[in-house]
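The structure under discussion appears below in the form of structure tokens.
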Amino acid sequence: MRFLMFAAALGVAVLTFAIGSTAGPTAAEVRSLRNADPQVDLTPPDPARQDVHGRFDRAYRLQPPLIPHQIDRYQIDLKANQCLGCHDWSNAAKNGAPTLSMTHYLDRDGRQTDTVAGTRWFCNACHVPQAEAKDLVENTFKPSQSVR
Amino acid sequence: MTESLAPPSVRPGLLRRLWRFVWSPSGSIALGVLVAAGFFVGIVFWGGFHWALEMTNNEQFCISCHEMKDNVYAEYTSSPHFQNHSGVRATCPDCHVPKEWQYKLVRKIQASQELWGHFVTGSIWTREKFVDRRIELASHEWRRMKTTDSRECRNCHAFDSMDFTKQETRAAKQHQLAVDTGKTCIDCHQGIAHRLPQGGRDAYEAMLKTLASETAAAAPAK
């Protein structure tokens, strides 16, 4: 008798498991208490502060590329250049940063140098952080491509 | 001359009498009174010790020397640790003197060498002298922070309390990398409150090498 009861209990348990695993309720059948659709989009939201929205295109071919991040705390002076901490050819890969153009490793006599040329030291003489900003004055500039 | 000629029974000098008074057992004061008086005098002395320690552990004291005021303090006033959007300020000792008592005391004792430099040798008395020695002085601080896992930074900036999603995309990425690879604040953040000297990065790498060779030399001995 005891064996029969055990066998029956086992049978019920196995059956419940089989039903549960094969015919579980699908997402469409699940209803919340207030009948809201639980099929919500599960892609994570953007970080609260997204400073890099991709790089801006150059307005003309020879434009120095814009900087897609803030630079206001970086020291660029006679003693140090903190941009090179990521962008120098020797550091770029490990920091996932674009390398300086190789033209920046030519001194004024055209010789190749291993360190950035003195004439190219002050990055922000040409490169500026990109910003979605209105023109301060009316500007009719058109890149060469569009007037061709 | 008169002392040597005097007979041995003559009254000893003031210092000697004071010394004997302090070191002979009290004949008339109760032990309880002595203990109680010692307790209160102890409070005054211990409190006074800490008061003096704190008096020499604030920005006003630091910049009472022109070496600090004209060089490092002047640079610090344009850094975010001096002024920022939230109005929290980190003053000199917040970064340069440990908060924990045992480390603080060690650092304060080491700082007596700075008094020697100020009053006796004048090692960074002029701007030129300071600029010449700057890389060495900076290396000392970098080394201190590297060996303590940037303890003073972490009094305020802890990885545990950082919300990477609220940081700049680049910063969040680098901080995650720092957690994963066991880096410490000073490994990347040098020259945040003071200007970097020439060849700063190379000096930092050299400091790391010295540190590694020292640990390697110390390891087999243990």
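Placed from the backbone N, Cα and C atoms, the Cβ positions cover glycine too.
Just so you know, TrEMBL annotations never went through curation; they're auto-generated.
Quick look at what TrEMBL annotates:
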type     : residues                            : note
BINDING  : B:Cys62, B:Cys65, B:Met68, B:Glu114 : heme 1 binding site
BINDING  : B:Cys92, B:Cys95, B:His96, B:His194 : heme 2 binding site
BINDING  : B:Cys153, B:Cys156, B:His157        : heme 3 binding site
BINDING  : B:Cys185, B:Cys188, B:His189        : heme 4 binding site
DOMAIN   : B:27-198                            : domain 'NapC/NirT cytochrome c N-terminal'
TRANSMEM : B:21-49                             : transmembrane segment
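In this structure the C-alpha atoms belonging to B:Cys185 (heme 4 binding site) and B:Cys153 (heme 3 binding site) are separated by 7 Å. Note on proximity: among B:Glu114, B:Cys153, B:Cys156, B:His157, the binding-site residues of the record, the Cα nearest B:Cys95 (heme 2 binding site) is that of B:Cys153. Among the binding-site residues B:Cys153, B:Cys156, B:Cys188, B:His189, B:His194, the residue whose Cα lies closest in space to that of B:Cys65 (heme 1 binding site) is B:His194. Summarising model confidence by region, the domain 'NapC/NirT cytochrome c N-terminal' (B:27-198) averages a pLDDT of 93. Other than the site residues B:Cys92, B:Cys95, B:His96, B:His194, same-chain residues with C-beta atoms no more than 8 angstroms from the centre of those residues' C-beta atoms, the heme 2 site, are B:Val72, B:Tyr76, B:Ala90, B:Pro93, B:Asp94, B:Glu141, B:Ala193. In this entry, B:Cys62, B:Cys65, B:Met68, B:Glu114 make up the residues listed for heme 1, with the farthest two CA atoms of the set 11 Å from each other. Note: the Cα of B:His189 (heme 4 binding site) and the Cα of B:Cys153 (heme 3 binding site) are spaced 10 Å from each other. Separation of the C-alpha atoms of B:Cys92 (heme 2 binding site) and B:His157 (heme 3 binding site): 16 Å, rounded to the nearest whole number. Residues within less than 8 Å, Cβ to Cβ, of B:Met68 (heme 1 binding site) and separated from it by at least 6 positions along the same chain comprise B:Cys62, B:Cys92. For B:Cys65 (heme 1 binding site), the number of other Cβ atoms no farther than 10 Å from its own Cβ, over all displayed protein chains, is 17.
The heme 4 site is set by B:Cys185, B:Cys188, B:His189; from the centre of their CB atoms, other residues of the chain with a CB within 8 Å are B:Ser150, B:Cys153, B:Ala178, B:Lys183, B:Thr184, B:Ile186, B:Asp187, B:Gln190, B:Ile192.
Residue pair B:His157 (heme 3 binding site) / B:His194 (heme 2 binding site) shows a Cα separation of 18 Å. The candidate set comprises the binding-site residues B:His157, B:His189, B:His194. Of these, B:His194 has the most other Cβ atoms within 10 Å. Across the structure, B:His194 (heme 2 binding site) and B:Cys188 (heme 4 binding site) are spaced 14 Å apart at their Cα atoms. Neighbour counts of Cβ atoms within 10 Å were taken for the binding-site residues B:Cys62, B:Cys92, B:Cys153, B:Cys188; the minimum is at B:Cys188.
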